[in-house]
Amino acid sequence: NGTNVKEFILLGFPGTWQFRVSFVVVFALMYTLTVTGNASIIALVWKSSNLHTPMYFFLCNLSFLEIWYTTGVVPKAIGVMLGTSQTISFSVCILQLFFLLSLGSTECFLLSVMAYDRYVAICYPLRYSSLMNSVLSVRLALSSWLGGFLAISLLAFLTSRLTFCGPDVINHFLCDIDSCLALSCSDTWPVELATFLISIIVVVASCVVTLVSYTCIISSILRIQSAHGRKKAFSTCSAHLSVVTIWYGSTIFLYVKPSAHNSLDLNKIVNTFNTVVTPLLNPFIYTLRNKEVKLALGRAFRKK
């Protein structure tokens, strides 16, 4: 690249020392709970033979992703807020951007795959084991990971070719696409166009798959005669539906827009929710709203 800026200064959350320390405590606590909660789900599914189904295989992939997603943000954010690690080199900035956007894209694909899994389970229950077999499950999960990383490769390359002449202060606690575009002194239109098109392909396309799947699911549930049957069918997908609503709401706000020149302060708040809060909520949502997981947890504690 032809940039004159070799490193950036991350501003984080400006304020008094006490204010920033309080943020550090909250971030550290949420990071610990996120890693512990998602790792516990992976261990629980691994140990419980009754959870060896496609649904929980995809859930393990999602939990593994969430651990790395929040790890790519929180440790550096804590260093920024403490003032011990506010600088970030240009190459590491691009690497963080690529890593986070790729994991975010993978999560979109995984959530749509999980919605399709619930569609097959509820609409074709007798054929579920043959349609959603282990081979197809692995292929869908692998496709989600490859698709997520490949989709962002072009965007990361275009961003790395931008010229930065100064200033070098990023009004954020991480390197995101909007902050890079705001600081660049070269033409950012190609990157903005690529961001918008990739967002449409990744976010909107996966969201459409999820919506279509749930439209079929709800239609199928409403045709069930007994209230108990409808409640049982809906309980199998209520946790996933909650996660989907939280994730797509914040992601569409951040990335599906024709221009990147929106409020960076507002993006910072939404990014905090997306990268710190959401990965923490997922294990608790799946634990508290899923009967099979609660039963497996009960058995695990009784054994101990």
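Note that Cβ sites are derived from N, Cα and C of the backbone, with glycine treated the same way.
Taken straight from TrEMBL:
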DOMAIN    37-286  domain 'G-protein coupled receptors family 1 profile'
TRANSMEM  20-46  transmembrane segment
TRANSMEM  58-82  transmembrane segment
TRANSMEM  88-116  transmembrane segment
TRANSMEM  136-158  transmembrane segment
TRANSMEM  196-222  transmembrane segment
TRANSMEM  234-256  transmembrane segment
So, do the transmembrane segment (196-222) and the transmembrane segment (88-116) meet, by the test of 3 or more Cβ pairs under 8 Å (sequence gap 6 or more)?
yes
Contact set of the transmembrane segment (88-116) with the rest of its chain, CB cutoff 8 A exclusive, min separation 6+ beyond the ends, reads 1, 3, 5-8, 10, 55, 58-59, 61-62, 65-66, 68-69, 72-73, 76, 140-141, 143-145, 147-149, 151-153, 155-156, 159-160, 164, 170, 174-177, 180, 198, 202-203, 206-207, 209-210, 213-214, 237, 240, 243-244, 247-248, 251, 274-275
Give the mean pLDDT for the domain 'G-protein coupled receptors family 1 profile' (37-286) on the 0 to 100 scale.
84
